[in-house]
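Participant: Straight from TrEMBL, here's the annotation block:
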TRANSMEM  12-33  transmembrane segment
TRANSMEM  38-58  transmembrane segment
TRANSMEM  78-104  transmembrane segment
TRANSMEM  116-138  transmembrane segment
TRANSMEM  176-196  transmembrane segment
TRANSMEM  217-241  transmembrane segment
TRANSMEM  261-283  transmembrane segment
TRANSMEM  295-315  transmembrane segment
Amino acid sequence: MPDQVLFGLEVALNGLMAGVMYSLVALGFVLIFKASGIFNYAQGVMALFAAMTLVGIQNGQVPFSHLINATFGTDIHYFGWQAPALLAILLTVVVMAVFAWLVNRLVFRHLVNQEPIILFMATIGLAYFLEGVADLMWGSEIKKLDVGLPQGINEWIDGATFEIFGYGFFIDNLDLVATVIAALLVGGLVVFSQYTKQGRALRAVADDHQAALSVGISLNFIWVLVWSIAGFVALVAGIMWGAKSGVQFSLSLIALKALPVLMLGGFTSIPGAIVGGLIIGVGEKLFEFLIGAPYLGGATENWFAYVLALAFLVVRPQGLFGEKIIERV
């Protein structure tokens with residue numbers, strides 16, 4: 001098999017792994033949109049906040065240390081201990097659950113039955129507020145996130161593919177582990193949605209709020225639950241992306257990668273988020289390999305997904321798995 005073809009297969013495989021990560025980010029949007037009809041603009045900032053909180057807890061950093069030092073003239077930045085990665089992750093999960101409860105209690109509980117644009121504007125305000133809180137709590141410098149995930153090229157895959165094809169596939173261990181974890185989480189969310197009592201309640205709320213209320217389903221409980229799950233998804237996404245490129249404020253922009261995924265798969269479909277992510281991941285890598293680098297000077301991964309989503313909207317506006325909305329006039 002020619003090396004060019006094998007390299008294309010390697011590119012496609014890397015695209016699949018990137019696509020799983022895109023699907024993971026998109027799932028946070030889908031879960032909240034299904035349960036409450038809210039397009040959560042703050043999902044990317046939630047990933048940033050979760051990752052910064054994890055690093056802060058792991059390093060024993062004093063929250064709001066810059067503000068405390070400026071107010072009281074002290075010079076305290078760290079507690080003097082470091083938390084194990086697993087404990088730091090568990091504590092961050094608790095923080096994100098408390099955040100979900102506060103968001104529902106202080107914001108969206110007071111916006112029930114408001115127009116979708118009002119709810120969307122509320123998430124924009126939430127995003128900027130959360131970004132400011134993250135800056136005050138943990139500082140704005142780039143932080144290294146290390147939870148023990150393996151780094152470097154996977155030598156087994158490199159050796160095995162070289163034995164079979166005479167060409168070694170360079171697959172990063174971190175990408176491989178991130179893909180496995182993301183795939184397990186996506187699968188777990190699908191099982192939760194389809195086969196658990198809480199998952200069925202979530203789907204009932206997504207279909208009809210009033211009908212769900214009439215059979216005794218608590219909207220407050222469902223919204224806290226779904227925001228908690230979205231917070232956990234944001235934490236996992238923040239860990240994976242943060243371990244790869246460092247925890248920095250540009251991490252919040254990963255949410256922008258979810259938009260074309262949602263346009264392709266549909267805003268209300270969990271399978272759509274998965275399929276859309278895989279299409280975007282493989283498509284942008286292969287387009288860069290076949291057309292972008294040879295003919296367009298490269299860097300097509302920055303815009304390919306949006307062009308593909310825009311073209312797709314013309315043909316099927318509701319997405320591959322989205323529901324077609326028909327309004328009676």
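Numbering starts at 1 and runs along the chain as it is shown here.
Keep in mind that glycine also has a Cβ here, set from the backbone N, Cα and C atoms.
Predicted, not measured: the structure shown is a model, and the values here were computed from it.
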Participant: Do we see three or more Cβ pairs under 8 Å linking the transmembrane segment (12-33) and the transmembrane segment (116-138), pairs being at least 6 apart in sequence?
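Facilitator: As far as Cβ distances go (cut-off 8 Å, pairs 6 or more apart), the transmembrane segment (12-33) and the transmembrane segment (116-138) do not touch.
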Participant: Give residue numbers and ranges for long-range contacts of the transmembrane segment (116-138): same chain, 6 or more residues beyond its ends, CB-CB under 8 A.
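Facilitator: Residues 36-42, 44-46, 48-49, 52-53, 55-56, 61, 63-64, 66-67, 103, 107-108, 249, 252 contact the transmembrane segment (116-138) from elsewhere in the chain.
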Participant: Do any residues of this chain, six or more beyond the ends of the transmembrane segment (38-58), have a C-beta under 8 angstroms from a C-beta of it, and if so which?
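Facilitator: Distal contacts: 25, 28-29, 32, 82-83, 85, 87-89, 91-92, 95-96, 99, 108, 116, 119-120, 122-124, 126-128, 130-131, 133-134, 137-138, 143-145, 147, 230-231, 234-235, 237-239, 241-242, 247, 249, 251-256, 258, 267.
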Participant: List, by number or range, the same-chain residues at least 6 past the transmembrane segment (78-104) whose CB is under 8 A from its CB atoms?
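Facilitator: Residues 46, 49-50, 53-54, 57-62, 126, 146-148, 220, 223-224, 227-228, 230-232, 234-235, 239.
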